[in-house]
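To start, the structure itself, in structure tokens.
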């Protein structure tokens, strides 16, 4: 070993020494990072305890049903409000009060009703007429007409006026509509407030602005929901096609890796080329059509996305984007053509490994199931925590009152001193909260819930990586493949990971979870600072977000390679991470080229599958396939099922290719270890396949002599 090589190895660690007893993943190993395993166990116990406490105190009905002024649910079965699903506000104009922002509740009485008002009436006109029976259903429960008009309105027993309303999110909002740009309720632009004066409709709009502000969004959501109801089975068929294509692609890759890779590259180029041609054809077709030359800036945001497809500028933008992607891919292929040949050989070797461990293709289902459990537990715990507050009642008054905002009891309030001090004040439900230790700790429990979700989700992913790495490492280090391959390598690797390395997996996933929680906090702070004018704060926030994004990517890369070393040697996390990092640094050129070129080829495979299924879905849902033209459902937005199929296809393809990616990474690290451990002599033969030896001009001397 030369002096320069000694200095180089000293800088990036020392290579693994030759061990004649080494034949792949070590079976006689001990537990690693035990203290982290203990911490994970305690954290899970605490997480379960938090879930039990949340389920004990929580009430998801608070999310589903609106509540009246006494905190009673509207429309809930088994209660007196079972047939009253809608919440009615006595004076919705009060919802524009600043108190709404402070207390998250309108300072006006609210009751549950069977249906929203459909008539315009005032209490002044209705109390002495036959309309009173209709009006009475919008008064407080149990109201009797034994008071004067002034007393009834002062005590808030009945609303001063009924306005035609429509339900939204189980709440009654004024049925405001626009006629020639003028806001109206019914045929009127003003309304009588029931107290002898007339007010402008805009005051109602201000009070109900949250509902009117999301009216278009609600219509969009309803149309999207309708599209899902009539196209869900076709979406499932599209996802099944994506799964079959992914599986077929991987099976063919085992036997025709070289041809498939080049066919894949050509197909991606052709798909992008067709996309460019289609954009140009649409651009040419719209020439001369009325309104097609309007710019995207002038058009602004539209909830009906089909409007954008009638603009020539939209298709020009699509064509430019696709052309740039096409040129970038072609240039990369030209400059990396030699390295692609080496990557193809690595993929062929990975194909053989996957072929001998076929059950590895099903392991993503295990990861998916465990991740679903993590997500379900996190989501349910979050809902129960957010609904575990107690009903808090506050004193509300339309005029100034010294006790306004104080906590009160609705049962005893009518006879209390506060009621006599402020005539006309109401003790009504304000929000859900509490003064106990548990309620004060709710924010901390929610943060803990998020943290544990990240930790457990990363642990599940780490378990999958170690399991696959152990199985594929067993394949590589088998001298006579597949005869020396152990029985059930995947199950053996899974058992070793759980039995010996739970602590190491917990350590690696903990580091990643901490960084991810910090990124979530930074995103939250960034949203809060968007309205700020402090440019330095915005710059600092952008720098922090960028730094932690890079840190997360680096930790993911380091963890992935550390897990491979753990699967092979059974060392603890820090030792494995250090050895993997130094091994990669000693072979940085191979890492930068071979590994990344392989990742690029896998990305092209995903694009081919997603593009093929996406184009098929596009032609089907736009009724452009004549054979099934009458079978395709009629939709409000054809892009709803198309986008769903595209996203689902990508996730399915990613699941299959993730197994392949882990196989390539594992074989690559084993290959680097093989080059450093062995020299091809009869005492230290190479374990790599004949194909890899041929590419690298390496031979075992006994074979060469033969």
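Even glycines carry a Cβ here, placed using N, Cα and C.
According to Swiss-Prot, the feature N-linked glycosylation site maps to 187 (among others), an assignment based on sequence analysis.
According to Swiss-Prot, the N-linked glycosylation site annotation covers 200 (among others).
Here the Cβ of residue 397 (N-linked glycosylation site) has 18 other Cβ atoms within 10 Å, regardless of which shown protein chain they belong to. Here Swiss-Prot flags 397 (among others) as N-linked glycosylation site.
The secondary structure of residue 417 (N-linked glycosylation site), as reduced to three states from DSSP, is helical. For residue 417 (N-linked glycosylation site), the count of additional Cβ atoms within 10 Å of its Cβ stands at 8 [all protein chains shown]. The N-linked glycosylation site annotation in Swiss-Prot covers 417 (among others).
Annotation comment: Swiss-Prot describes 14 as phosphothreonine, evidence class similarity to another entry.
Under the heading topological domain 'Cytoplasmic', Swiss-Prot lists 1-33 (among others), citing sequence analysis as support.
The topological domain 'Extracellular' feature in Swiss-Prot is assigned to 55-232 (among others).
According to Swiss-Prot, the topological domain 'Extracellular' annotation covers 278-315 (among others), on the basis of sequence analysis.
Distant neighbours of the topological domain 'Cytoplasmic' (337-364): 247, 250, 253-255, 257-258, 261, 464, 467-468, 471-472, 475-476, 481-482, 485, 489-490, 593-594, 597-598, 601, 655-656, 658-660, 663-664, 667-668, 689, 691-692, 695; these residues of the same chain sit at least 6 beyond its ends, with a Cβ under 8 Å from one of its Cβ atoms. Per Swiss-Prot, the feature topological domain 'Cytoplasmic' maps to 337-364 (among others); the stated evidence is sequence analysis.
Here Swiss-Prot flags 386-457 (among others) as topological domain 'Extracellular'.
Averaged over the topological domain 'Cytoplasmic' (481-504), the predicted model reaches a pLDDT of 86. What Swiss-Prot lists as topological domain 'Cytoplasmic' is 481-504 (among others).
If you look up Swiss-Prot, you'll see 526-563 (among others) marked as topological domain 'Extracellular', on the strength of sequence analysis.
What Swiss-Prot lists as topological domain 'Cytoplasmic' is 585-599 (among others), and the listing cites sequence analysis.
For 621-638 (among others), the entry in Swiss-Prot reads topological domain 'Extracellular', with the evidence type sequence analysis. According to DSSP, the secondary structure content of the topological domain 'Extracellular' (621-638) in residues is 4 helix, 0 strand, 14 coil.
Taken from Swiss-Prot, the feature topological domain 'Cytoplasmic' covers 660-706 (among others).
Feature annotation from Swiss-Prot assigns transmembrane segment to 34-54 (among others); the stated evidence is sequence analysis.
Between the transmembrane segment (233-253) and the listed ranges 34-54, 316-336, 365-385, 458-480, 600-620, the one holding the most Cβ pairs under 8 Å is 600-620. In this chain, the transmembrane segment (257-277) touches the transmembrane segment (600-620); three or more CB pairs sit within less than 8 A of each other, excluding pairs fewer than 6 residues apart.
Between the transmembrane segment (505-525) and the transmembrane segment (257-277) there are fewer than 3 Cβ pairs closer than 8 Å, counting only pairs 6 or more residues apart in sequence, which means the two stretches are not in contact. When the stretches 316-336, 365-385, 458-480, 639-659 are ranked by Cβ pairs under 8 Å to the transmembrane segment (34-54), first place goes to 365-385. Within its own chain, the transmembrane segment (639-659) has Cβ neighbours under 8 Å at 224, 227-228, 231, 234-235, 238-239, 242-243, 245-247, 249-250, 305, 354, 360-361, 363-364, 367-368, 468, 602, 605-606, 609-610, 613-614, 617-618, 621, counting only residues six or more beyond its boundaries. Scored on C-beta pairs under 8 angstroms, the neighbour of the transmembrane segment (316-336) with the top count among 257-277, 365-385, 458-480 is 257-277. Calculated from their C-alpha atoms, the gap between residue 397 (N-linked glycosylation site) and residue 417 (N-linked glycosylation site) amounts to 15 Å.
For the topological domain 'Cytoplasmic' (337-364), the DSSP-based tally of helix, strand and coil residues reads 27 helix, 0 strand, 1 coil.
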